[in-house]
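Annotation source TrEMBL lists domain 'EXPERA' at 45-190. For 12-35, 47-63, 104-127, 134-152, 172-191, the entry in TrEMBL reads transmembrane segment.
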Amino acid sequence: MVSAAFKETQSLFTPVTVYSLLACATQFVVGYILAQIWGRKCSGTDRWVLVWLFYDAIVHITLEGPFVYMSLVGTVATSDNIFAELWKEYGKADERWLHSDPTIVSLELLTVVLDGILALVLVYAIVKDKHYRHFVQITLCVCELYGGWMTFCPDWLAGSPNLNTNHWLYLWIYLVFFNGVWVVVPGLLLWQSWLSLKRLHPSYQAPKKQK
């Protein structure tokens with residue numbers, strides 16, 4: 001007999017689930033390819049930063065952008081298109097994304113417009129080795145971390161009524177992994193900026209030899 005756990009896993013992985021995960025993987029692959037093209041002259045570390053930035057911009061513009069539009073003209077739940085199906089899948093883990101929650105839509109407006117632009121500006125700053133690279137990098141990372149905190153903190157304080165943590169797919173993949181990436185990577189980039197700025201301080205530079 002097929003175990004109950006196996007049947008439950010089968011019910012979780014619908015065609016939309018598979019398409020959604022493949023779409024996320026495709027966005028990452030596109031980001032990786034763009035980073036290799038534009039970051040030929042960059043260091044290995046900065047090339048991986050470019051991978052993240054391209055992926056970040058692609059997600060904000062091509063995935064979260066349609067979410068904002070659907071939420072402003074209606075709701076994801078009442079929309080009928082390929083992007084709505086992707087967000088309805090994520091809505092199984094967090095219902096707020098289905099019904100135009102004001103906090104979520106407000107944050108996503110900021111994310112799509114500001115974070116999307118900042119990610120592309122930072123790509124340019126890294127590729128062209130501009131002096132404002134770390135100013136933009138710190139600003140973007142703080143925005144990403146603020147967005148993550150404000151996405152979940154209000155719901156946590158209310159007892160998490162909209163979060164579905166009963167299934168491992170929704171908890172560990174949709175909620176923890178896909179949101180955790182936007183905490184871990186910005187945190188690492190903030191640390192990179194901290195070290196780079198510290199090296200610029202006179203106290204960390206080699207003293208000049210006196211004549």
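Backbone N, Cα and C atoms are what each Cβ position is placed from, and that goes for glycine too.
Small disclaimer: the values here were computed from a predicted structure and weren't measured.
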Spatial neighbours of the transmembrane segment (47-63) far in sequence, C-beta under 8 Å, 6+ residues away: 23, 27-28, 30-32, 34-36, 38-39, 83, 86, 111-112, 115-116, 119-120, 122-123, 126-127, 144, 185, 189, 192
Close approaches to the transmembrane segment (172-191) from elsewhere in its chain (Cβ under 8 angstroms; 6 or more beyond its ends): 21, 24, 49, 52, 90, 92-94, 137-138, 140-142, 144-145, 147-148, 151-152, 163, 165
Secondary structure composition of the domain 'EXPERA' (45-190) [DSSP: H/G/I, E/B, coil]: 116 helix, 2 strand, 28 coil
Within-chain partners of the transmembrane segment (104-127) [C-beta distance under 8 Å, separation at least 6 from its ends]: 38-39, 41-42, 46, 49-50, 53-54, 56-57, 60-61, 64-65, 67-68, 71-72, 96-97, 133, 136-137, 139-140, 143-144, 147, 150-151
